[in-house]
Amino acid sequence: MQRNTTTRENSAASDIDDSLLFKEKLPNIPSKLKNGIYNSCSFRAIARKFPILGWLPKYEASFLLQDFIAGFTVGLTTIPQAIAYGVVAGLEPQYGLYSAFMGCFAYIIFGSCKDVTIATTAIMALMVHQYAILSPDYAVLVCFLAGCLILLMGLLNLGVLVRFISIPVITGFTIAAATTIGSAQINNLFGMASPSNDLIPAWKHFFTHLNKIGWNDAALGVLSLIFLFLMKKTKDIPYGNRTFWKYVSLSRNALTVIIGTSLAYGLSRGGTQPFRVTGNITAGLPPFRPPPFHTTVNGTDVSFGEMLNNIGASLASIPLVAILEIVAISKAFSKGKIVNASQEMIALGMCNIMGSFVSSMPVTGSFTRTAVNNASGVKTPLGGAVTGALVLMALAFLTKTFYYIPKSTLASIIIAAMISLMEFEKVRDTWRSKKKDLFPFVATLVPCMFWSLEYGILCGIVANISYILYSSAKPQMRLDIEKVDNSEQNFLKDNSLSVYIFQVLDWEVGVVDVKQKLDFASAEYLKEKVVKFVNLNTVKLIVIRGQEINSIDYTVAMNIITLREDLKILNCDLICWNWNISSAGVVCRLKSEMREIFCFEKTLEEVVSKYQLSHSNDVSEIVYIL
């Protein structure tokens with residue numbers, strides 16, 4: 001016997017437990033706090049905060065000589081650079097030396113990378129210049145406050161934040177800083193006193209005062225610069241002992257200072273000085289005392305609050321730049337090891353805090369000296385002790401010799417170092433790989449060069465974040481019409497009655513394939529795209545494929561609910577197919593009736609088949625009753 005009939009299935013069977021959708025799984029906060037406190041107080045956790053406990057027990061006697069040679073070589077590089085960077089900061093030269101030893105000692109205890117050398121850098125010096133010229137107390141206070149902020153961020157494991165700053169931003173900042181610092185020394189290189197360390201004023205002063213060039217200084221400066229570049233190439237000499245030539249190349253800064261100082265001293269024996277020299281450097285070690293929380297400028301007392309107001313945005317930008325430098329350097333020399341950015345922040349914070357007690361300006365990792373340390377074969381952070389001791393000896397016994405260091409010689413050392421930081425190959429690689437990434441590069445470079453380094457790096461970060469927000473607000477998704485054409489046989493059994501149902505399915509379905517997670521920024525975009533798609537295409541059903549939607553928030557859930565209501569007005573329905581349980585649960589808990597739109601079948605044909613049985617009156621069925 002055969003007859004035609006139409007059946008309707010009121011509810012679809014589910015192969016998941018609905019309790020997983022309607023009950024939100026919350027973290028066990030008391031348990032997590034208990035475990036966190038326990039883990040943070042364990043010996044292993046403490047040892048992680050003091051890396052010296054890991055490498056010192058394994059220290060071998062054979063390491064001692066290599067650490068000594070590396071530390072001594074770095075010290076010879078550090079001393080002339082420290083004096084030069086003290087001048088860049090607008091301070092007396094000895095402040096550069098004050099900044100060059102405490103970081104070496106503190107990093108031994110807290111640092112995790114054997115190659116990193118902590119001291120002031122040209123970028124740090126330039127960033128403190130604008131208020132250090134008012135009083136050295138400003139530079140020392142910034143050193144302390146920056147150290148506190150960096151240490152706090154490290155203890156809170158905020159090293160992950162460094163990942164949000166891209167290589168183009170770092171490259172733009174580095175090139176701009178190197179250009180500005182090198183330009184600020186062009187007047188010293190030619191024997192002129194420059195009234196400003198900014199890019200445009202420095203070059204303007206140079207070209208408008210060409211008649212005041214000190215030809216002796218210019219000759220010494222240019223020859224020193226050529227000598228530095230030639231010495232840098234000696235490591236590539238194929239003849240003789242390669243190790244000897246490598247160390248000759250590494251000692252180029254020290255040799256340049258020795259030659260320039262000897263010339264200045266020898267030519268001044270007749271009572272005249274042919275060069276502009278550094279002058280008196282205060283002899284002796286700096287006093288160990290707390291950082292200043294008030295100061296006096298031109299006879300006027302300046303309170304702590306006024307000092308903070310004068311420092312302004314530098315209080316945020318200097319710690320940020322310091323963190324970027326040390327993390328980038330640590331990663332560059334990690335040699336396959338994982339760099340713990342948070343631990344490096346703890347180490348850098350302690351270096352600055354301890355340094356502020358000996359009148360140090362802000363310090364961070366130095367790429368040049370770290371490269372020298374690595375090339376010298378350092379084995380452990382203990383090499384920093386030799387570098388620090390050498391700087392202390394220079395402060396105690398060699399300050400009278402430093403009087404005769406020509407300023408043009410120091411300028412040549414700084415300019416040579418800045419030229420080596422011009423990473424134009426990274427700009428070229430960015431252009432080759434993805435030209436859009438030049439936007440954050442330019443957004444960093446231009447403000448850094450023509451506005452200030454502090455605001456320039458912030459502009460770069462904003463440009464970076466805008467990229468992230470743009471991709472979040474416009475997620476990748478594909479909207480297609482898929483034709484579901486399937487004939488399937490369903491077997492139903494009711495007591496003694498066996499029914500075979502043959503369904504003829506031939507539907508066009510709109511399928512939305514979202515390629516990333518959804519959040520509040522992308523919620524409205526999804527809704528707009530789907531509604532526009534339905535208006536342009538006649539479909540009865542929209543299926544949002546959700547395998548890659550692993551997280552949504554309240555805003556997305558509300559937009560899914562309103563999207564369904566908008567589609568009903570357009571005579572279209574909505575199904576969310578194979579969504580993550582946690583994502584689907586957000587919508588179901590917000591409105592329980594929305595449970596019916598979630599399907600977890602294996603194929604799109606099964607989804608459409610179940611939907612037709614539940615909602616369509618147009619399904620042709622042939623029922624055989626046996």
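Heads up, the Cβ atoms here are built off N, Cα and C, so glycines get one too.
Database features (TrEMBL):
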- 68-89: transmembrane segment (TRANSMEM)
- 95-111: transmembrane segment (TRANSMEM)
- 116-133: transmembrane segment (TRANSMEM)
- 139-162: transmembrane segment (TRANSMEM)
- 169-193: transmembrane segment (TRANSMEM)
- 213-230: transmembrane segment (TRANSMEM)
- 250-268: transmembrane segment (TRANSMEM)
- 311-333: transmembrane segment (TRANSMEM)
- 345-368: transmembrane segment (TRANSMEM)
- 380-398: transmembrane segment (TRANSMEM)
- 442-470: transmembrane segment (TRANSMEM)
- 511-568: domain 'STAS' (DOMAIN)
Applying the under-8 angstroms CB criterion, which one of 116-133, 169-193, 213-230, 311-333 scores highest with the transmembrane segment (139-162)? 311-333
According to DSSP, how is the domain 'STAS' (511-568) divided among helix, strand and coil residues? 32 helix, 9 strand, 17 coil
Per the definition of 3+ C-beta pairs under 8 A with sequence separation of 6 or more, do the transmembrane segment (345-368) and the transmembrane segment (250-268) touch? no
Mind checking which residues of the chain, 6+ beyond the ends of the transmembrane segment (250-268), have their Cβ under 8 Å from one of its Cβ atoms? 73, 76-77, 79-81, 220, 224, 227-228, 231-232, 235, 274-275, 277, 372, 375-376, 401-402, 404-406, 408-410, 412-413
Dominant neighbour of the transmembrane segment (169-193) in 95-111, 380-398, 442-470, by Cβ pairs under 8 Å: 442-470
Counting only pairs at least 6 apart in sequence, do the transmembrane segment (95-111) and the transmembrane segment (442-470) share 3+ Cβ pairs under 8 Å? no
When you scan the chain for residues with a C-beta under 8 Å from the transmembrane segment (380-398), skipping those not six or more beyond its ends, what do you find? 51-52, 55, 59, 63, 66-68, 70-72, 74-76, 78-79, 82, 94, 97-98, 100-105, 107-108, 111, 113-114, 116-118, 283-286, 373
